[in-house]
């Protein structure tokens with residue numbers, strides 16, 4: 001079976017923004033074009049970040065910030081992970097799963113943005129990759145479960161009590177706030193004592 005490159009399934013009409021655009025302007029672009037992300041580029045059209053709907057909710061709305069005063073540079077995810085258009089789609093899927101992302105900006109040899117590919121784009125042309133994704137996700141989950149916790153702390157909504165926290169930790173396959181984390185630790189200690 002011939003391998004397909006990301007360049008063959010990529011969208012070429014990428015909606016971009018500048019680092020100085022406001023959150024309102026970015027949100028308007030998403031709504032206007034029916035998309036879930038905007039790639040932030042510099043004056044050379046090189047991708048320097050990406051803003052998703054989730055970024056707007058977590059970094060602006062949930063913190064009560066005025067979206068007219070928040071600029072893209074302050075809320076974009078960076079550095080942005082990019083690929084070249086000759087990368088095979090199965091490699092792109094593995095990269096997405098490994099990094100926990102759903103879209104990859106595509107750049108040319110000079111680092112200039114020329115397209116974007118999403119997990120959905122790939123699965124529409126290569127549905128057989130669903131099995132690959134599931135396999136990679138399982139490996140990823142197993143690796144996470146081997147760790148008692150991931151040292152990275154993020155902000156967001158706790159998967160257990162559903163309250164907003166700036167100190168979420170990934171434990172036992174879920175993002176938890178400090179209070180729920182203490183509860184989990186307490187349960188583990190009790191379980192160990194019962195086993196002894």
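Numbering starts at 1 and runs along the chain as displayed.
Backbone N, Cα and C define each Cβ position, glycine as well.
Since the structure is predicted, the reported quantities are computational estimates derived from the model, not experimental observations.
Now, the feature entries from Swiss-Prot:
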type	residues	note
DOMAIN	10-69	domain 'CBS 1'
DOMAIN	76-132	domain 'CBS 2'
DOMAIN	153-187	domain 'ACP-type MB'
BINDING	158, 161, 177, 180	Zn(2+) binding site
BINDING	158, 161, 177, 180	Fe cation binding site
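Neighbours of the Zn(2+) site: apart from 158, 161, 177, 180, residues of the same chain with C-beta atoms within 8 angstroms of the site's C-beta centroid are 159, 160, 162, 163, 165, 168, 176, 178, 179, 181. Under 8 Å, Cβ to Cβ, and six or more positions away along its own chain, residue 180 (Zn(2+) binding site) finds 158, 160, 161.
Each of the binding-site residues 158, 161, 177 was scored by other CB atoms within 10 A of its CB, and the lowest score goes to 161. Taken through DSSP, the domain 'ACP-type MB' (153-187) splits into 10 helix, 15 strand, 10 coil.
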